[in-house]
Amino acid sequence: MDNNQTTLSNPTNNPEEITHKDVSKAYLRWHFANEIPHSFERYLAPSLLWAMMPVLRKLYKDDDKLRDAYERQLLFFNTQLTWGGGIITGLMSSMEQERAKQENEHKEITMTDDLMYNTKAGLMGALAGIGDSIDSGTIQYIFIAIAIPWAQNGNPLGSLFPFIGFALYQVLIGLFFARQGFSTGRNATSLMESAGVQNAIELLSILGLFMMGILAGNYVQVSSSLSFEISGRPFVLQETLDSIVPGLLPLVVVLGVYYYYSKKGLKVTRALLWLTGILIVLAAVGIL
Amino acid sequence: METLTVWQSLIIALWVGAVMSRSFLGGATLMLRFSPLMTGLVVGIVMGNVADAMIVTAAIQLIYMGVFSPGGTMPSEPSIAAAIAVPVALLGNLQPEAAIAIAVPVGLLGTYLYQFRFFINTFLGKRTDRAVAQLDHSGITRSVIIYPTIASLLLFVPLVFIALFWGAPVIADVIAALEGTVILHILEVVGGGLAAIGIATTIYVIGRKEYIVFFLAAYFMSVIFQDLGVTMVTYAIIGTLIAAIFVLAKSNTSAATTTNTPVTNEFDDDEDDDDF
């Protein structure tokens, strides 16, 4: 343990310059640590601290200042891996650098603890929402949807292709966001509101909804097996349905679950249990 | 009835432990956990029957289509589900649909295990506080990376091993007895319908109610073109183009109505306007 007090306010202990390489390293450390120490208390804060350690050690040569910086980055934190994690590791590197310079030059501290935490907290939820629905919800399933037919034919490529493709995508997009977050610095907040980023989010949200429609059409399979005879002529319910609106039943199921969420909130497990129960009953009595 | 050897059970259990501890390849464990595909492949390699394992895994993947973890609420653990359901299906020579009967309850139970991991990590977090107070850098690494990984392995590996080594043959017997009954038809129906959960969740999380027309358009497009064999890549390209055209048209009309002030990234202290 290095508690050497003689290093205090030593003039040669200027903060080192943070380079793009340092930011990339911080992001890769975040990318690795991400969910490992996930806890109820601080969620992903320990991962952010662990990611930022090398950057903070370059900036704060004084033990007390370094400890303060560690504690700043260990406050409650929860976001998504690449969008949130990327932008915020880059942004925190830039803000900590400004803070270290202000402390070192004994200037007035404008980069306060509150400002840093509020910036982080303001971005983490918003970016998690965008990042989850676009990365995990859309891009991951585009990869999986492409590969499913291979898996159905017994081809191991059906597993390897989406795994490798999505893993590479995430590292690259995360590094990109980390660098963006670092170079825009505090403007990252307004970066999110700029026309370019807003248009990109709009485009990806629409693509997400579009691909969900394609997935629903291909992979949600609900059809009626009900058939009986009406005055000697066979009546097959599914054929009648197909002649009115093809694909009606799967759509009803998807929109039904969506309607449930909009009434009851995002209760995924409960929706899963309800739907399973309803499908079991309808299948057992021969309607589906 | 065949059984799994000790080594087969152990390797699959270690794989699940590595994935669920989230330490094996770090962020890349995201799809390893959310999708049964890679776990199914590992099971196939371990059991020496990749082709059949892939077919069963594909059936399990369909019930988890669109599933991800918005805000940490995961309805199921697809990787754990596949680790148990695929071996059982292979041991009992079951229909892929029968694997769903095992995957759904096992996947649900798995979510409790994953929650328990957060609970353990909460205690390990106290060690992080101590290491930070003492500026013990390797102590921070131990408490953030090493201990949580070991804790997860200790949590998942023994349970999955027991379930595979002693449980799998028994479950396979029970499910095999159900074949040819109405139960299998029910499983087929449940398996076909459950993908709706993940898809509806994603639509809800994207949260753009006014854009649901894009979902509907794509849905009917894919139903109508079903027999044409249009690939997902083609659909993704079409979707991107439609979205791009819409965004272009929208920004042009807003440019025409309001005198479009170019958005500059000005330095301002206004941090509290991201409402969420």
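Each residue, glycine too, has its Cβ placed from N, Cα and C.
Positions annotated as transmembrane segment by TrEMBL: B:6-25, B:37-64, B:98-120, B:144-168, B:174-199, B:211-226, B:232-249. What TrEMBL records for B:257-276 is region 'Disordered'. Taken from TrEMBL, the feature compositional bias 'Acidic residues' applies to B:266-276.
Under 8 Å from some Cβ of the transmembrane segment (B:174-199) lie the Cβ atoms of residues 59, 62-68, 75, 88, 92-95, 97-98, 100-102, 104, all in the same chain and six or more residues away from its ends. Comparing B:6-25, B:37-64, B:144-168, B:211-226, B:232-249 for CB pairs under 8 angstroms to the transmembrane segment (B:98-120), the maximum falls on B:144-168. Through the fold, the transmembrane segment (B:6-25) approaches residues 32-33, 39, 42-43, 46-47, 77, 79-80, 83, 87, 113-114, 117, 145, 148-149, 151-153, 155-158, 160-161, 164-165, 168 of its own chain, all at least 6 residues removed from its boundaries and within a Cβ separation under 8 Å.
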